[in-house]
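Reading through the structure tokens given below for one structure.
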Amino acid sequence: MAMTSEQAVEATALAGKGRSPWADARRRFFRNKAAMVGLAILAFVALFAVFGDFLSQWSNEELDYNVMGQIAQEGGPSIENGHYFGTDDLGRDLFARTVQGTQISLAVGLVGALIACVVGTLYGAVAGYVGGRTDNIMMRIVDIFMAIPYMFVLILLLVMYGRSITILFAGVGLISWMEMARIVRGQTLTIKGREFVEAARATGVSAPVIILRHIVPNLLGVIAVYATLLVPLMILTESFISFLGLGVQEPLTSLGALISEGAGTIAYGTTWQLGFPLLFFCLTLFGLFFVGDGLRDALDPKDR
Amino acid sequence: MLSYILKRLAIAIPTLLLLIIISFVLMHSAPGGPFTAERELPPQVLANLNEKYGLSDPLWMQVGNYVWGIVTAFDFGPSFVYKDRTVNEIIAQGFPITLTYGLLSFAIAVLVGVSLGVAAATRHNSPLDYAAVGVSIGAQVLPNFVMAPILVLIFTLWLRWLPGGGWQGPEYWIMPVIALSTSFMASIARITRSSMLEVLTSNHIRTARAKGLPERKVILRHALKPAMLPVISYLGPAFVAMITGSVVVDIYFSTGGIGKAFVDSALNRDYAVMMGVTILVGALTIFFNLVVDILYGWIDPKIRY
């Protein structure tokens, strides 16, 4: 049976040097249909967030006096007056606001996940590497933190210190480093006993350098997977808080805040005000969940 | 078992104390006090008010008094805004409502989620399986604050079947319960399905089938129990998320539960009520996690205490 040229190339490559685990994972990821659909959706949402501003004919703050006061009749989506998604109840262009909301939601998701990753990874790696009593105490502290109703504490923080976007970013990130710390600690325990760590220790490398140079890089796969799954959770958290009116402040907006506004005005028949932000919210989450699941299937060492 | 429960309780109590102290310190280090208003109060009045509510004591003494009041008399102190009401009264008013729709949502999420998951797993790769997977993926992006407006749009504004808000009878329960339970139901269905699929390939199931047990018995008696383990460990976080979701339900459907008390107090800077609700939710969370751990140990005999 003749091999196709592609198979032949693959076979020689295999015989030549073998596949690295990363190449393996990449192949599995790109074969996963759901993950590819997710990636396409995500690319669309990202393009919308980045280039949407250039398409819109209105800024997100401008009031359109032609539709003001009769939003339910005049404010619907239309190509003629440039409000592709219609306007909100004040006559602001919903397309521009959805673009901005998507930007902010994505930013909160990414920054929150980044904070959670950095804090969780360092905490977990230190606990796992040092081990013994320190590990025990550090993980008990994580247990205790996990039992705290964080959403309530975050709302407290936002009310107490004012609704600044910095607190929102930091707070959303600090809510979820604990799960990350647990996962990283578990992985560190298995890596810690390997020869290369022992060799590093024998040559007198200090503990912080071992953790940062030898342990953390070997955990990157696991961290990447959980980071992708964290982003949608961060977006959900931010949207939840914005829905309550405690999130980002005007004129800034986020998808959660837009959904909240849309939800507040549906009684007047302005369904587009709920529909478009909701569509982008769902698309973003869908994309992220699919890509995250795909990455996990491709990279999770448990599956091998 | 008993020593395990005691050990868990020994962790639970410091956790609760830590929560009290964190929220107390946070609240008292914040700029602006509960009596900061548009119109400045005369200094003497402010001093008297601070004296009455014990706000002029040193911080450690305030924390001490507060904890002492809770431990000895279950007393969360007076509200800072409603002069004639205590925190206990405010919570007692909203809590039964939250408990009603919370428990209903929880029961429905677990029952429907598990049945859906089992049905999908036992008919693997059938149309039913695909439908269940599709529904549960779709529902994952429909958290309570998305479900709530959609439900109102469909059932109140378009079909005019259900009242849009309030809390006067069972027909007022329907939308809050659906809004709160959908995304959890979906997650539970997904978890049940995948763990059931795994259990169904294990040796003891083959044995059960080989000795001629009817399929129904194999599933319900032998497969369901081990398949429930991942579901049970999901219940703890799900419970916390559901309590958090009650805030949205209370606001959007005007159901009047503790979520409303919390947001109102947050906006009014009514520190005492905020802390009361936070501590109550924390205590519930800790208690529920304990129940989940015990259940886990009961189902999985491999776990040693």
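In case you wondered, yes, glycine gets a Cβ from its N, Cα and C as well.
Please treat TrEMBL annotations as automatic predictions, because they have not gone through curation.
If you look up TrEMBL, you'll see A:34-55 (among others) marked as transmembrane segment. Panel annotation: around the transmembrane segment (A:34-55), residues 84, 95-96, 98-99, 102-103, 106, 280, 283-284, 286-291, 293-295, 297-298 of the same chain, lying at least six beyond its termini, place a Cβ under 8 Å from a Cβ of the stretch.
Here TrEMBL flags A:102-289 as domain 'ABC transmembrane type-1'.
Marked as transmembrane segment by TrEMBL: A:104-129 (among others).
Marked as transmembrane segment by TrEMBL: A:141-161 (among others).
The transmembrane segment feature in TrEMBL is assigned to A:167-184 (among others).
Nonlocal intrachain contacts for the transmembrane segment (A:219-246), taken as residues 6+ away from its ends with a CB within less than 8 angstroms of a stretch CB, comprise 21, 25, 105-106, 108-110, 112-114, 116-117, 121, 125, 151, 154-155, 158-159, 163, 168, 172-173, 175-176, 179-180, 183-184, 187-188, 191, 254-257, 259-260, 263, 281, 284-285, 288-289, 291-293, 295-296, 299-301. Look at TrEMBL and you will find A:219-246 (among others) tagged as transmembrane segment.
Through the fold, the transmembrane segment (A:274-295) approaches residues 29, 32, 34-42, 44-45, 48, 77, 85-86, 94-95, 98, 101-102, 105-106, 109, 224-225, 228-229, 231-232, 235-236, 239, 255-256, 258-259, 262-263, 265-266 of its own chain, all at least 6 residues removed from its boundaries and within a Cβ separation under 8 Å. Positions annotated as transmembrane segment by TrEMBL: A:274-295 (among others).
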